Amino acid sequence: MSEPTCTTAERLILHVDLDAFYASVEQLDFPELRGQPVIVGGLGGRGVVSAASYEARAFAIHSAMPISRARQRCPQAHFRAVRMDRYRELSRQVFGCFRALTPEVEGLSLDEAFLDLSADPAARTDPEALAEGLRRRIRDEIGLIASVGIAPNKFVAKLASDVGKPDGLVHVPAHGVQAFLDPLPVERLWGVGEGTTLRLRRAGLSTFGSLRRVPEPRLRGLVGRQASRLKALAAGRDRRPVKSERPTHSLSTERTFDRDLSESMRMRQLLTEMAEQLAARLREQSLETTSLTVKLRSRDFRTHTRQQRLNRPSASGEELRQVAIALAEQWWQQQPRPPRLRLLGIGARELVKSTGQMGLFQDASRLAETDRLLDAARERFGAGVLRRGLRRRG
């Protein structure tokens with residue numbers, strides 16, 4: 001008896017992804033950059049790539065790559081500092097387009113979201129027309145390009161939008177899930193890294209289809225406890241609901257990498273950038289955090305979190321940086337093998353209104369003055385123009 005490929009045929013899920021978002025915003029705001037390789041990131045000697053346009057990706061440029069290496073590979077590229085305020089501004093406009101269709105929007109990042117349109121009769125009648133209308137509105141009103149995947153669940157919708165990039169629309173109806181998934185390589189499965197891919201391929205399991213058909217006991221001998229989950233995904237089964245936006249009593253920022261991050265120094269660089277961004281957002285809203293969380297997702301898609309309460313409420317980039325790096329490095333050093341990260345993030349929890357009392361402490365007063373100077377520089381010259389240095393250890 002054939003195995004069912006999807007148990008959620010009644011659902012209609014969209015995955016929307018803005019193509020090369022940061023770089024596309026730079027090309028939108030500076031028309032002379034259109035059609036040119038654009039690389040966005042920290043421009044100092046130890047900076048890393050945050051995003052690359054498709055023209056730059058042709059030179060094997062990817063996120064988390066050192067800027068110095070990107071300059072070697074593509075010296076003719078246009079290198080731009082991160083302008084997080086501008087990216088958030090356009091992201092809010094795009095998410096406004098999403099919410100005009102449905103309140104069921106799960107934001108994954110500034111440039112990526114799931115939408116649940118299962119309750120919309122018009123969407124069910126012609127989902128492709130609705131998705132194309134959304135893409136057209138984002139392009140015409142905001143000036144950005146979005147790729148969309150339509151499917152009965154989140155996993156297949158995400159794969160569909162990936163297949164459609166750039167500037168594409170891929171619809172996988174419930175009856176077509178198996179035909180869509182079966183030819184895909186096993187490394188496209190969530191949680192399958194290089195080592196697992198090698199083991200599976202050596203066993204003759206190179207595609208979703210071959211994995212779906214293999215007896216689970218045999219697969220368990222190859223991948224252990226992941227076997228049932230991988231078989232379910234290979235068969236297109238994913239029951240996770242679309243979760244609406246997170247509550248506003250917390251703020252967070254995270255980065256997903258095109259290629260796994262495997263060097264602790266790069267991790268520290270990225271945490272420094274994210275701490276500055278998070279602290280700036282707190283100060284914009286006159287908030288301080290009393291607790292900081294670091295989120296690390298390893299190549300097997302296991303998510304690890306580390307949290308620490310602060311000695312006092314803070315919106316200082318330097319204080320958040322120190323705590324974030326300490327938490328991340330503690331986790332890093334506890335791993336039996338050198339970690340490889342797919343995602344890195346930090347979050348501010350248990351927020352309180354800013355008290356303006358930092359001047360009671362000499363060190364805090366100095367940090368607050370540095371933050372004010374950084375904020376003034378960003379407001380005048382753009383985000384990413386200036387940031388704290390990262391001291392080497394030893």
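Every residue gets a Cβ built from N, Cα and C, even glycine.
Just so you know, TrEMBL annotations never went through curation; they're auto-generated.
What TrEMBL lists as domain 'UmuC' is 13-193. According to TrEMBL, the feature Mg(2+) binding site maps to ASP17, ASP111. If you look up TrEMBL, you'll see TYR22 marked as site 'Substrate discrimination'. Taken from TrEMBL, the feature active site applies to GLU112. The feature region 'Disordered' is assigned by TrEMBL to 235-256. Residues or ranges marked as compositional bias 'Basic and acidic residues' by TrEMBL: 236-248.
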Q: Run through the region 'Disordered' (235-256) and tell me, per DSSP, how many residues are helix, strand and coil.
A: 0 helix, 6 strand, 16 coil
(Q) Please identify, from the recorded positions ASP17, ASP111, GLU112, the residue with the sparsest Cβ neighbourhood, meaning fewest other Cβ atoms within 10 angstroms. (A) GLU112
Q. What residues, ordered by sequence, lie under 8 A Cβ-to-Cβ from TYR22 (site 'Substrate discrimination') and sit at least six positions away in the same chain?
A. VAL40, SER50, ALA51, VAL82, TYR87
Q. About how far apart, in whole Å, are the alpha carbons (Cα) of the residue listed as 'active site' and ASP17 (Mg(2+) binding site)?
A. 5
**Q.** Per-region confidence, the domain 'UmuC' (13-193) (mean pLDDT, whole number)
**A.** 94
